[in-house]
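Visitor: Pasting the feature list from Swiss-Prot:
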BINDING   D302, D306  Mg(2+) 1 binding site
BINDING   D302, D306  Mg(2+) 2 binding site
BINDING   E453  Mg(2+) 3 binding site
MOTIF     302-306  motif 'DDXXD motif'
Amino acid sequence: MERQSMALVGDKEEIIRKSFEYHPTVWGDYFIRNYSCLPLEKECMIKRVEELKDRVRNLFEETHDVLQIMILVDSIQLLGLDYHFEKEITAALRLIYEADVENYGLYEVSLRFRLLRQHGYNLSPDVFNKFKDDKGRFLPTLNGDAKGLLNLYNAAYLGTHEETILDEAISFTKCQLESLLGELEQPLAIEVSLFLETPLYRRTRRLLVRKYIPIYQEKVMRNDTILELAKLDFNLLQSLHQEEVKKITIWWNDLALTKSLKFARDRVVECYYWIVAVYFEPQYSRARVITSKAISLMSIMDDIYDNYSTLEESRLLTEAIERWEPQAVDCVPEYLKDFYLKLLKTYKDFEDELEPNEKYRIPYLQEEIKVLSRAYFQEAKWGVERYVPALEEHLLVSLITAGYFAVACASYVGLGEDATKETFEWVASSPKILKSCSIHCRLMDDITSHQREQERDHFASTVESYMKEHGTSAKVACEKLQVMVEQKWKDLNEECLRPTQVARPLIEIILNLSRAMEDIYKHKDTYTNSNTRMKDNVSLIFVESFLI
C-alpha cells in the first residue's frame, strides 16, 4: 500500500516522501524455532546414502547399452544426485557423444542432444532433420509420441541464434503436447504439465528435484535404489539448508534493519531461497551464507533508493558507499547511519571468514556495490526529472540495478579453489554471459512489476522506455520485451558452448541466476509478494521432507 510521510529538515523545510508499505515477513522466526533432523537420525541417513551411492556406481559400471546409460544419467540429474557422480557422468557423456545414433528415434535423439548440450557439447541441431518431411514440416507420425515430443520440447530450449529448427520444434511440440495432455496417463501427464509450465532447462534445480521425485516414484521403469538415494539426499540437504537459514535469520534479527527502515522489504528467507536456487550442494555452504547476507543487504539498498530517500539523501549515501570507511557515516542522513555501519561491518565479517589467500576477493565485491549504488542514484535522478530514457540508454544503467553483477561476484566470494583472482577479473570485465543474464533479470522484473510500480509514481521502467520509443501500448511493450528475454536465453546458451577462462561450475552459477528469475518473477513478483507461490515453494524445499 502506498502512503505519504513527512520529515522535517532543519526547523522549516518539510519533505513529502512516497513510500510503499510491503507485507511483513512470512516466516519470522520459524526456522529458528523449528528444526527437524536429530544428530543420530542424520548419522544413520549418511551411512545409508554411502551404501546407496556405491550401488549406483555399480550401475554405471554394469550398464553398457547407450540408451540405458542416457536414461541413467538423465534420472540422476533430474533427481539432483549428479554432484555425487561427476566422474561417472563425465565418462558416460563421452560414450554418449561417440555413439552411433543412425537408428535412433525421436526420444533417443532428443535425449542425447539435451544431455550433451547441457554439458557444453556443441552438437548440431541437424540431427533433427530426419524427423521432417520434404516440405520442412515435422512428420505427422510423431504426433502421438508423447515421450519423444516431450524430450524434443525440452531439448529445443537449449537452442542458440539462427537454429530455426529448434524454434520450430518448440512451436510444434508445445502444440502437440497441449493437445495430448488430457489423454495421457500418470505420471507422464504430470511431467508434461510441469515442463509445459516451465521447460526443464530453465527450472531451478532444487524445486525441480522436489517436484520430480514424486513423478519418478510413479514410473514403472524406476530404479528403487536411485529413488531411495534421491529421497535421503534431499532430506539430508534440507537439514543442512535448515541450519543455514536458521543462522541467517538470527543474523538478520540481530541486524534489525527492517525495524528501523520500515519501508524496506523483510525477505531474508526469500533471499536464502533465491541463493539455494543458485547452488544447493553441501560444498557451497559457506558461499550460500555469504551470498544470502549480501543479497539481503542489496534488497535494503534497493528499497532505500527506490522507495524512500530523497535525491539529496541518495547522493549522500552514494558518496559514503564510494568512500567505504566508518568515518563517512557522519555524512549519511541520520536514519541511514545504522544501515551504513552495518553494511561495512558485514563485509568486514565476510573478510574475516575467508582464508588469508582469499581475502583479495572482498575489494572486488565492494567495488560492485559501489557501482550498484551509483546506478541506483542515476535511476533516482531519472525519477525526479521525470526522464524516460531510450531502451538502450535505460539498459546501460538498469542491467546494473538488476543486481546480478553484484550477486554474481558475491556468489564467488565464498567458493573454494574454483574461484581465482582471474575469476573476479573476469566478472569485473562484464562478460557477455553476465550481461545477458543481467538484462534477462531486468526485463523479467520490469515486465512483472511495471504496473504496480507506475501506480506508485516509480521512475520509468524498460516497459515505459519501449512504449515511448516505439509508440506502443504497455501490453505490446511487454510482448516485445518478452521476445528479448528469449533472445537473452539464446545468448546464455551460446556462451555455454564456448570455451571460457572460468571453470564450468562458475558458468553454471550464472545460468542458475537466470533460472532463479524464471522461478521468482514468472507471471508475478513473488519476492515482493512472497505470501503467494513463493511461500509454497519455500515450504516445499525447506520444510516438507520425504518419508522413506
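Quick reminder: no glycine exception, Cβ is built from N, Cα and C everywhere.
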Visitor: Would you report the average pLDDT that the model assigns to the motif 'DDXXD motif' (302-306)?
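Guide: The predicted confidence over the motif 'DDXXD motif' (302-306), as a mean pLDDT, is 96.
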Visitor: Hey, of the binding-site residues listed (D302, D306), which one tops the CB count within 10 A?
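Guide: That would be D306, with the most Cβ atoms nearby.
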Visitor: Does DSSP put D306 (Mg(2+) 1 binding site) in a helix, in a strand, or in coil?
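Guide: In three-state terms, D306 (Mg(2+) 1 binding site) counts as helix.
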